[in-house]
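What TrEMBL lists as active site, nucleophile is Cys165. Residues or ranges marked as NAD(+) binding site in TrEMBL: Arg12, Ile13, Asp38, Arg92, Ser134, Asn334. Sequence annotations record features per position, and here TrEMBL assigns D-glyceraldehyde 3-phosphate binding site to Ser164, Cys165, Thr166, Thr196, Thr225, Gly226, Arg248. Annotation comment: TrEMBL describes 3-165 as domain 'Glyceraldehyde 3-phosphate dehydrogenase NAD(P) binding'. According to TrEMBL, the site 'Activates thiol group during catalysis' annotation covers His193.
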Amino acid sequence: MPTKIGINGFGRIGRMVFQALCDQGLLGTTFDVVGVVDMSTDADYFAYQMKYDSVHGRFKHDVKTEKSDPSLAEADTLIVNGHKIRCIMATRNPEDLPWGQFGAEYVIESTGLFTEADKARGHIKAGAKKVIISAPGKGDLKTIVMGVNHTEYESSMDVVSNASCTTNCLAPICHVLLQEGLGIEKGLMTTIHSYTATQKTVDGPSKKDWRGGRAAAINIIPSTTGAAKAVGEVLPVVKGKMTGMAFRVPTPDVSVVDLTVITEKDTSIQDIDAMMKKASETYLKGFLGVATEELVSTDFIHDERSSIYDSLATLQNNLPGEKRMFKIVSWYDNEWGYSNRVVDLMKHMTTA
């Protein structure tokens, strides 16, 4: 029988996770989505948002709506490829959601509000068995990056984090350097990141982050990110060795990691290229890609891989006799690639 799941937060990531389930042919076979939660229960509006997407284009699946009660003013049930999904009003307390009533076993927590383990466990008190947080998590939970440390998942874990989209791009690159024996002495990462829904369309109030309150579509905005430090949670051997920052830039999707790293052992650009290619075809297949053409960000829209190493952008800055300082660049669709990893993590958890 398909595993029943609920999605709490039907915004960019919630909808992309749903679409990834459909595109991977998992809806109704491996998983049944029994409910989606947001600030509205208007299924007609949800259907509209799914059908038309400014970045990813038209939804490829059949979408209809219906009223579960004729007295309702608006439809509250989505029907996708014949499968019914109830639209549920959001609540400040996940314990109040009807997961037990609907039989939801897994919940995708994608509101961005309940990233602390104890708060996310409200879904379990509501009747679910497992929670996947689609963001960096806090507290007593495991952070998992598919392809890197997913084998560390244990069935006793009730709440896990899928990390951030940036960590999902950076961790595979670091994993290759470690797996191939180069090691990492220290590293500085910058992510050149597309703007997101938390930013402002025009200058507005943002007391804690003044620069973050500036208009997203006309500014390059320096920002913070915990992605580099989070890699230390996924790959403990690099804990304390890496840090980083972000620049939010005026593009709606696709971001890129720029990692300046000092390896523990001598190597070369040619060796790094060969290692990344090998990993992309073997132990990181489907998660890591290699780009060998002169591509730009829009060329990676709707790319389902976590990280696409740009072999033409690799640089070194080594004095004679030194072979350890390199700049490594890797692209990622911060919406679509990440959402596919949420689905992959859920698949892994149900079979582990």
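For all residues, glycine too, the Cβ spot is worked out from N, Cα and C.
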Nearest to Arg92 (NAD(+) binding site) by C-alpha distance, among the recorded positions Ser164, Cys165, His193, Thr225, is Ser164
Same chain, |i - j| six or more, Cβ under 8 Å of His193 (site 'Activates thiol group during catalysis'); the result in sequence order is Thr166, Ser223, Thr225, Ala246, Phe247, Arg248, Val249, Ser255, Asn334
Excluding its own, the Cβ atoms lying within 10 Å of the Cβ of Gly226 (D-glyceraldehyde 3-phosphate binding site) add up to 16
Those same-chain residues, other than Ser164, Cys165, Thr166, Thr196, Thr225, Gly226, Arg248, found with Cβ within 8 Å of the centroid of the D-glyceraldehyde 3-phosphate-site Cβ atoms are Thr191, His193, Ala227, Ala246, Ser255, Asn334
All chains considered, the count of other Cβ atoms within 10 Å of the Cβ of Ile13 (NAD(+) binding site) is 25
Looking only at the recorded positions Ser164, Cys165, Thr196, Gly226, Arg12 (NAD(+) binding site) has its closest CA neighbour at Thr196
Comparing the Cα of Gly226 (D-glyceraldehyde 3-phosphate binding site) with the Cα atoms of the recorded positions Ile13, Asp38, Ser134, Cys165, the shortest distance belongs to Cys165
CB neighbours within 10 A of Cys165 (active site, nucleophile), counting all protein chains shown, number 28
As a whole number of Å, the Cα atom of Asp38 (NAD(+) binding site) is distant from the Cα atom of Ser164 (D-glyceraldehyde 3-phosphate binding site) by 21
A correct count of other C-beta atoms within 10 Å of the C-beta of Ser164 (D-glyceraldehyde 3-phosphate binding site) gives 22
Record-annotated D-glyceraldehyde 3-phosphate contacts Ser164, Cys165, Thr166, Thr196, Thr225, Gly226, Arg248; largest Cα to Cα distance in whole Å is 16
Within 10 Å, the Cβ with the most other Cβ atoms among the binding-site residues Arg12, Arg92, Arg248 is that of Arg248
